[in-house]
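**Student:** Quick one: the structure is below, and I'll ask about it shortly.
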Amino acid sequence: MAMETQDIIKRSATNSITPPSQVRDYKAEVAKLIDVSTCIGCKACQVACSEWNDIRDEVGHCVGVYDNPADLSAKSWTVMRFSETEQNGKLEWLIRKDGCMHCEDPGCLKACPSAGAIIQYANGIVDFQSENCIGCGYCIAGCPFNIPRLNKEDNRVYKCTLCVDRVSVGQEPACVKTCPTGAIHFGTKKEMLELAEQRVAKLKARGYEHAGVYNPEGVGGTHVMYVLHHADQPELYHGLPKDPKIDTSVSLWKGALKPLAAAGFIATFAGLIFHYIGIGPNKEVDDDEEDHHE
């Protein structure tokens, strides 16, 4: 992918605006497609992520499931999720690669109060700039997928970057390169949507009538998409939300109420200025002067 697609179009806690849809270059937008029907849960993608990003999580404890590590962390940016479900009287073992979805309308970026701590590139990748992170955790609350994780060692938040450093020089993400079954694909979003529809058609031909593409509209679509056997029940895949949306409080705080808050601050500041000009500064009165007036 060309370097020019790395132009930043959004920064947290700034007034940068997303270009209108009619002028966005969809050919420049990238996406990762994960076909859960061909994933074997080998965790090669987890290892590749750890190796490329030079992150090492602590050795955990067995909690009675195949998930290892048991959850995402500041040092585990992707994990395999294993779920058992019964469909039509048959047991199904569903596997899903979990990690940042790189939303087109990222709740983490909207919620973040630190200027430039979270950015979004023109190609759709959402990236954390750790040097600007203040560790407030608002991005965690703003994410409808519960992805960002706080590192207690440096009090900064981390997540999958979609290997933005590799993508910027024309390489695919490390997890895509290492997948032995070709379950993970990478390219332009247009290409990935076309490929996803082909995979869905094959799944439906095999009897999965509810197969579909997971690209939720509630967050403007995502740059990490899934092909699911049971797209009508995404929650079967370890709680994947059916209709994820940015929390109303975040939308109000950083949306409709933001101008009001700014106006309130300006009005307060102006009031202080007028008070100073019209009345002058408050004077301190000592005890002797106060007794004299009495």
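For all residues, glycine too, the Cβ spot is worked out from N, Cα and C.
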**Student:** Among Cys39, Cys62, Cys175, which is the one Swiss-Prot gives for the [4Fe-4S] cluster 2 site where Cys49, Cys160, Cys163 also bind?
**Tutor:** Cys175
**Student:** Where Swiss-Prot shows Cys100, Cys103, Cys108 binding [4Fe-4S] cluster 3, which of Cys45, Cys136, Cys143 is named for the same site?
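**Tutor:** Looking at Cys45, Cys136, Cys143, the one Swiss-Prot places in the [4Fe-4S] cluster 3 site next to Cys100, Cys103, Cys108 is Cys143.
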**Student:** Cys139, Cys179: which one does Swiss-Prot list with Cys39, Cys42, Cys45 for the [4Fe-4S] cluster 1 site?
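**Tutor:** Between Cys139, Cys179, Swiss-Prot records just one in the [4Fe-4S] cluster 1 site with Cys39, Cys42, Cys45, namely Cys179.
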**Student:** Just to confirm: which same-chain residues, 6+ apart in sequence, have a Cβ under 8 Å from the Cβ of Cys160 ([4Fe-4S] cluster 2 binding site)?
**Tutor:** Cys49, Trp77, Thr78, Gly99, Cys100, His102, Ile147
**Student:** Determine, to the nearest whole angstrom, how far the Cα atom of Cys163 ([4Fe-4S] cluster 2 binding site) is from the Cα atom of Cys45 ([4Fe-4S] cluster 1 binding site).
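**Tutor:** Their Cα atoms are separated by 12 Å.
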**Student:** If we count other C-beta atoms within 10 Å, could you say which of the binding-site residues Cys39, Cys49 has the fewest?
**Tutor:** Cys39
